[in-house]
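Input: a single structure, listed below in structure tokens.
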Amino acid sequence: MFAKENYRGLIFATLATLLWAGNFVVSKSLYQEYSPVHLSFWRWTFAFILLLPFSWHRLTVTKLAVVRRHLGFLFIASLFGMSLQTFLVYQAAHTTSATNQTLIGISAPVFVLLGGWLIFHRVPSLQTLLGIVVSYLGIYFLISKGGSAGITPGDGLMLVAAGSFSVYTLMMQKQPIALDALLVLTLMAGCAAFQCGILYLLMGSLGDVSGFHLPGKEVGALLYFAIGPSILGYLFWGKAINEIGCMKAAYCYFLLPVYGAAMAVTLLGEGISLLQVVSYLFIVAGVFMSVKGDRVHVREYA
């Protein structure tokens with residue numbers, strides 16, 4: 001029987017995955033009316049505003065000095081893990097399906113392992129390398145329509161988004177600051193809002209978007225982005241890792257395309273193809289092999 005902590009951890013991991021799956025589906029439903037930079041800016045602005053009342057009192061004089069010392073780290077980490085990744089996901093919604101987005105999204109752990117190999121020279125095990133190959137075969141089948149077509153812009157952007165998030169993940173493993181998770185999330189949300197705001201103004205001045213404007217009827221979706229994927233998703237995932245560990249939480253994350261596809265079929269009328277199912281099996285098998293192989297390898301040489 002599972003311990004009570006296991007049940008709580010699985011529930012937290014499942015809720016986080018559901019919220020992140022909903023992010024892809026809701027953004028897909030909005031792509032024809034609102035620009036990606038508009039959605040990204042207001043998502044992180046709302047998240048920052050909502051987080052601030054719960055975390056500002058944690059910023060003591062001592063912690064403020066730590067934040068100032070490592071502000072550059074927070075700024076760059078939020079660039080890769082929040083503002084850039086969010087913008088790419090919302091831009092990808094213009095030219096690919098929500099189901100494809102979730103399928104490519106679960107390949108992020110493989111990018112993390114590959115990045116750790118290239119950046120930190122962590123030599124992967126043979127099982128990890130084999131898993132990376134299997135996962136990339138699944139991605140190739142998916143984005144090339146089984147080898148019969150070229151890659152769509154949306155699928156390509158999702159690959160870049162997965163790579164961007166992997167850089168963020170690798171950076172957070174090396175974070176030099178001893179701050180609590182809620183305060184770090186608040187500060188990084190503020191950095192992301194600032195970054196997206198600069199991009200918003202720049203694109204508006206170049207005529208790429210209609211110009212800066214306040215939210216209207218899409219405010220409900222923006223609040224979902226801010227409260228669900230941005231705040232609760234990150235906090236639930238952190239709780240899940242504390243309760244059941246990274247490996248078991250990762251197994252729940254493999255269900256992201258299942259939840260995303262169910263929502264996309266129900267809410268958007270998308271269909272599910274055999275190619276997507278086969279690609280999913282390859283990607284999940286590859287990620288599972290890579291993560292498990294990496295864990296064994298690390299234990300051997302720790």
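Please read every residue number as a count from 1 along the shown chain.
Glycine too: its Cβ is placed from the backbone N, Cα and C atoms.
Taken from TrEMBL, the feature transmembrane segment applies to 7-26 (among others).
Regional average pLDDT for the domain 'EamA' (8-143) in the model is 86. Marked as domain 'EamA' by TrEMBL: 8-143 (among others).
Within the chain, the transmembrane segment (41-59) has long-range Cβ neighbours (under 8 A, six or more residues past its boundaries) at 67, 82-83, 86, 180, 182-183, 185-186, 189-190, 192-193, 196-197, 199-200, 215, 222-223, 225-227, 230-231. Annotation source TrEMBL lists transmembrane segment at 41-59 (among others).
Annotation source TrEMBL lists transmembrane segment at 71-90 (among others). Residues 23-24, 27, 31, 36-37, 39-40, 43-44, 101, 157-158, 160-161, 164-165, 167-169, 171-172, 175-177, 184, 187-189, 191-192, 195-196, 199 of the same chain sit 6 or more residues outside the transmembrane segment (71-90) yet have a Cβ under 8 Å from a Cβ within it.
Annotation comment: TrEMBL describes 102-119 (among others) as transmembrane segment.
TrEMBL lists 126-143 (among others) with the feature transmembrane segment.
Annotation comment: TrEMBL describes 149-170 (among others) as transmembrane segment. Residues of the same chain lying 6 or more positions beyond the ends of the transmembrane segment (149-170) and with a Cβ under 8 Å from any Cβ of it are 77, 80-82, 84-85, 88-89, 91-96, 100-101, 104-105, 107-108, 111-112, 114-116, 119-120, 139, 142-143.
TrEMBL lists 153-290 (among others) with the feature domain 'EamA'.
Residues or ranges marked as transmembrane segment in TrEMBL: 182-201 (among others). Residues 37-38, 40-41, 44-45, 47-48, 51-52, 54-56, 58-59, 63, 67, 74-75, 77-79, 81-84, 86-87, 175, 209, 212, 230-231, 234-235 of the same chain sit 6 or more residues outside the transmembrane segment (182-201) yet have a Cβ under 8 Å from a Cβ within it.
Summarising the annotation, TrEMBL assigns transmembrane segment to 221-237 (among others). Sequence-distant contacts of the transmembrane segment (221-237), counting only residues of its own chain at least 6 positions beyond either end whose CB sits under 8 Å from a CB of the stretch, comprise 12-13, 15-16, 19-20, 22-23, 26-27, 29-30, 39, 42-44, 46-47, 50-51, 181-182, 185, 189, 215, 249.
Annotation source TrEMBL lists transmembrane segment at 249-268 (among others).
Sequence-distant contacts of the transmembrane segment (274-291) (same chain, six or more residues past either end, CB-CB distance under 8 Å): 99-100, 103, 106-107, 109-110, 113, 124, 127-128, 130-139, 141-142, 145-146, 247, 250-251, 254, 257, 261. Among the features that TrEMBL reports, transmembrane segment is placed at 274-291 (among others).
Within its own chain, the transmembrane segment (7-26) has Cβ neighbours under 8 Å at 89, 93, 98, 101-102, 105, 221, 224-225, 228-229, 232-234, 236-237, 239-240, 242-245, 248-249, 252-253, 255-257, 259-260, 263-264, 267-268, counting only residues six or more beyond its boundaries. For the domain 'EamA' (8-143), the number of residues in each DSSP class (helix H, G, I; strand E, B; coil) is 116 helix, 0 strand, 20 coil. Taking H, G and I as helix, E and B as strand and the rest as coil, DSSP gives the domain 'EamA' (153-290) the counts 111 helix, 0 strand, 27 coil.
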